């Protein structure tokens, strides 16, 4: 029996060989007496010729073959005539003369053509995901995903890490996003939660003495979705004992250097740049800045603190900021109507408006110019390095609104003006995060990362007296404006964990109820430990040049957390609900 060969791997060295091929019919062309088929398998395409001079029977069978039929071909590899060479195909210099063909399975006419360029809606593609996955671009994406995970595994295995599995059915905790809950049949009225991350288990693994753990972990979060979020996702989960934050960052960036070289053949320089959180916010208005282009925020609060333009001076008086973007040389590119569109854009981020000025040779012109003194104009010109033709866009508001709106506007303009080199990969560590965030509505602090993150040692004494100023021993890895993931050195002493829970507003009873197992473990010689978790789906999205996370997940959910292919979520039977001691409220759906 002949060994099957892969269609896309045939080349001129195979000319004259008899081959066995199996795959799908990409395209069929009947030229009257001759039939041509593009045969597709996971390796690519090859043209197969059915010619009565080689086999009448094969030609007769081919007359009944249609797109996406699964077929088996026996034939001979031959060189194409010079005039029929197809430079757009990897196998375009050869073809296979069929001596026999067998139809292994027929196919209905697909709801869309199986090719990379398709204008079919994403909903249709997701409903027929098994057909969508046949497209070459998705095949390439999932090969890249496999290569990436293999590269990561090989690196960590060589560094003496153990790949270990943590529970999927676990305990619901109050911090973070909403949990997906799983009702217990054995314990009526009680619920498991699907893990948002293996955070506590990997810390317990360190307390178990393994020292180096990793997992390609499935995680679940019941949160509002967007282009770079999914309810179930995969993260590269890593935890170590006895390493400092610098050592963990060094190890992680060497791992990413290996991935970039092996998967993309790109060399990245180490060490990766680092930037404190506050600097990232001040310069880019973002804690995950895209550093592939400049266009940084320019702060002018001190210059306009006493301005006659009350929007500016009142923002400063109220403890806010005034900052601007200088769009170099683009004043003539933006009409009032265009600027109005930009104003509507920043309002999405709670900005009240967008003030603007245009620079000519001698002055700044615009609706707010008459309210600014000569000293203020001179100060703005100097601070923003204003030149003829520049467009200045200001936001004056609460500090977080200024950062959010100008940070988002910066990215919008970067894309609109073609300032971003899409071929570049810019990594960045963001460090010195705030340990806590204050929620004015609830009147309490929340952990900026999670409640198990340790403070930088020199800030520990301020945890109860000035919690807002305490910095976390935490670090996020950013690539091209996307957070790949983050990590921290964990709290390993019970007294500090108790103190952290107290600052977060937990009573002793609440802390014991939710995290008693962790507090107990901390009393039995927990080692200093820390780690990191990187989003695998997001890494693949960026390496594959995808704009949508769904294209990196085999069977993703829609923006409404639905699976259009299987129709999940779905109702269940009354018997199933009764077994789980669950009764639906009136008006809720079931089967």
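Here the Cβ of each residue, glycine as well, is placed from N, Cα and C on the backbone.
Going by what Swiss-Prot states, the ATP site holds 221, 222, 223, 483, 535, 536, 537, 538, and the candidate of 230, 493 recorded there is 230. Per Swiss-Prot, the range carrying the annotation region 'Aspartate' out of 191-194, 195-198, 199-202 is 199-202.
Each of the binding-site residues 223, 483 was scored by the number of other CB atoms within 10 A of its CB, and the lowest score belongs to 223. Here the C-alpha separation of residue 490 (L-aspartate binding site) and residue 223 (ATP binding site) works out to 25 Å. In three-state terms derived from DSSP, residue 223 (ATP binding site) belongs to neither a helical nor a strand segment and is classed as coil. Secondary structure at residue 483 (ATP binding site), taken from DSSP and collapsed to helix, strand or coil, is strand. Per DSSP, the region 'Aspartate' (199-202) is made up of 4 helix, 0 strand, 0 coil. If you compare every pair of Cα atoms in 221, 222, 223, 230, 483, 535, 536, 537, 538, the residues listed for ATP, the longest distance is 19 angstrom. The binding-site residues shown are 483, 536, 538; of these, the one with its CA atom nearest the CA of residue 449 (L-aspartate binding site) is 483.
Cβ-based neighbour count (10 Å, all protein chains) for residue 538 (ATP binding site) stands at 23.
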